[in-house]
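Trainee: Right, I'll just put the structure down here and ask away after.
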Amino acid sequence: MVKNENKIPFQKTRISNSIVIGGMIAFGKSTLAQQLLKHYKNAVFIPELDPQDDLWPLLLKKMYQRDNDNLYASLFQLYFMIKRFDRYKDAIRKHEFTIFDRSIFEDWLFAKENLNNPFLFNYYEGTFLGICNQTIYHYGIPKLYVILDGDWELFKERLFKRNRQVEIENFQKNEIYFHRLLNQYTSFLVDTCKNFGIEYIVVDAKLPAETKIKMVVDKLNEINNRKKEY
């Protein structure tokens with residue numbers, strides 16, 4: 001059994017022609033992805049939340065309401081993990097260059113903070129490790145992981161500004177949960193990228209859009225040029 005630690009035990013494998021934009025809730029992942037699409041004309045963006053999926057809003061609402069974590073938090077985490085795996089493998093097969101909103105690695109962190117029952121988390125983690133193994137070894141790690149970083153003040157400002165009803169109405173019920181996520185999010189992703197051998201860049205979410213885009217483009221150019229030298 002894998003211990004409940006802030007680390008996932010895998011090694012580097014092949015690299016897919018994709019990038020992931022990760023980071024805390026409301027830090028502007030989708031916005032940055034849409035801006036990058038203007039630069040990379042051949043890219044395809046895969047959002048975290050499928051607008052055609054009617055189930056995820058219900059599960060998200062039930063999870064945030066915290067009426068029955070053993071049931072709804074478990075269903076939420078398992079559903080998101082499986083859906084993300086399906087969308088990742090489909091996109092990698094079909095598209096030349098893909099930009100993903102979050103990755104399956106971040107699902108593990110959410111589950112770690114969402115599933116307080118050790119039995120449920122161990123069950124989830126066993127499933128996660130199997131799916132993660134297939135994702136990595138069959139479809140590859142991303143070429144670059146863009147990690148958006150920020151503080152609690154930025155999180156609250158962005159969360160209330162985007163005004164997603166389910167988050168605002170249940171903010172007090174989830175404030176401790178949000179704090180726990182934020183306190184470890186960036187360090188978790190950095191450690192995960194190092195563990196898997198994924199190239200990464202930490203970007204201050206408060207920076208202007210043009211600065212963030214330049215940082216990502218410059219890093220991708222550096223990676224691509226380095227490969228050409230080999």
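A Cβ is built for glycine as well, from the same backbone N, Cα and C atoms used for every other residue.
Please treat TrEMBL annotations as automatic predictions, because they have not gone through curation.
Among the features that TrEMBL reports, active site, proton acceptor is placed at D101. The ATP binding site annotation in TrEMBL covers G23, M24, I25, A26, F27, G28, K29, S30, T31, R158, L159, F160, K161, R162. Taken from TrEMBL, the feature domain 'Deoxynucleoside kinase' applies to 19-222.
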Trainee: Given the binding-site residues G23, F27, K29, K161, which lie close to D101 (active site, proton acceptor), meaning Cα to Cα within 10 A?
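Mentor: Near D101 (active site, proton acceptor), where near means Cα within 10 Å, the binding-site residues are G23, K29.
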Trainee: What's the number of neighbouring CB atoms sitting within 10 A of the CB on F27 (ATP binding site)?
Mentor: 25
Trainee: Within the chain of T31 (ATP binding site), which residues six or more apart in sequence place their C-beta under 8 angstroms from its C-beta?
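Mentor: For T31 (ATP binding site), the qualifying residues are A209.
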Trainee: Would you pick out, from the binding-site residues K29, K161, the residue whose Cβ has the largest number of other Cβ atoms within 10 Å?
Mentor: K29
Trainee: Relative to the Cβ position of L159 (ATP binding site), how many further Cβ atoms are located within 10 Å?
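Mentor: Result for L159 (ATP binding site): 18 other Cβ atoms within 10 Å.
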Trainee: Starting from each candidate's C-beta and looking 10 angstroms out, tell me which of the recorded positions G23, I25, D101 has the most other C-beta atoms.
Mentor: G23
